[in-house]
Amino acid sequence: MADDSQGGFFSDLFAPVAGFGVTFATMFRKVATQEYPEVKWPTQPRFHGRHQLNRHPDGLEKCIGCELCAWACPADAILVQGGDNDDERGLRFSPGERYGHIYQINYLRCIFCGLCIEACPTRALTMTNEYELADNNRADLIFTKEQLLAPMQEGMLPAPHPMVEGMQERDYYQGKVAAATDAQREWVDQHAAATSDGASAGSAAGTTADTTEEVR
Ligand code: SF4
Ligand code: SF4
């Protein structure tokens, strides 16, 4: 009867290295390691990252403080308190009656499901592709309105300021406003000092309270 424990000449020769076959083969494959964070790979275009509160082309905010996003959130991660726009006091932050006075998103709770942006009736709230949201303390992961607001683009004026002259709220949503007008710029120049107090009471009201009031 043949002895099965005896191999041929070549099998005996390569036996010591046979166990390294996978290792050797892997050495010649393309390296899959990503040099993060030095090299950041782009996400898919519809990746759900950090939220953003958008603005109209003249700089007024799109958020109307309706709280629908907060109600839609399954993780209870959003806190919104609406406020009344007040033209007489120079405190208009959005077209229409109301604006988002306080707005916070708690990224310790958020599961990036996107239900909030689906619920938003004005497309004020969208999600960016930004995913670097780690931190080493709880407070810094509660983002305030100031942090979430979209950066100013060319042609915008920071709120508060009046709506474009002759335009109604619906005109903003019908895309009839393309940029801030000279009249709005003039108003901002004239009210710069006055609105700095107002901004403290309005926009920054969102900010002051933002930093002190946590999401549940
Ligand atoms: S993405 Fe989902 S969990 Fe995060 S705030 Fe929006 S609704 Fe809440
Ligand atoms: S972000 Fe949208 S849904 Fe949330 S309060 Fe503002 S307008 Fe309403």
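Note: Cβ is positioned from N, Cα and C throughout, glycine not excepted.
Looking at 72-100, 188-216, the range tied to region 'Disordered' in TrEMBL is 188-216. Record check: TrEMBL places Cys63, Cys66, Cys69 at the [4Fe-4S] cluster 1 site, and the matching candidate among Cys113, Cys120 is Cys120. Taking the centroid of the Cβ atoms of Cys73, Cys110, Cys113, Cys116 as the [4Fe-4S] cluster 2 site, the other same-chain residues with Cβ within 8 Å of it are Cys69, Ala72, Pro74, Ala75, Ala77, Ile78, Ile105, Ile111, Phe112, Gly114, Leu115.
Residues 92-107, 109-111, 113, 115-126, 145, 148-150, 152-153, 155-159, 161, 163-164, 172, 177-181, 184, 202, 205, 209, 213, 215-216 of the same chain sit 6 or more residues outside the domain '4Fe-4S ferredoxin-type' (53-83) yet have a Cβ under 8 Å from a Cβ within it. In this structure, the binding-site residues under consideration are Cys69, Cys113, Cys116, and the one with the smallest number of other Cβ atoms within 10 Å of its Cβ is Cys113. For Cys120 ([4Fe-4S] cluster 1 binding site) paired with Cys110 ([4Fe-4S] cluster 2 binding site), the C-alpha to C-alpha distance reads 16 Å. When the alpha carbons of Cys113 ([4Fe-4S] cluster 2 binding site) and Cys69 ([4Fe-4S] cluster 1 binding site) are compared, the span between them is 12 angstrom. Its Cβ taken as reference, Cys63 ([4Fe-4S] cluster 1 binding site) is surrounded by 27 other Cβ atoms within 10 Å in the chains shown.
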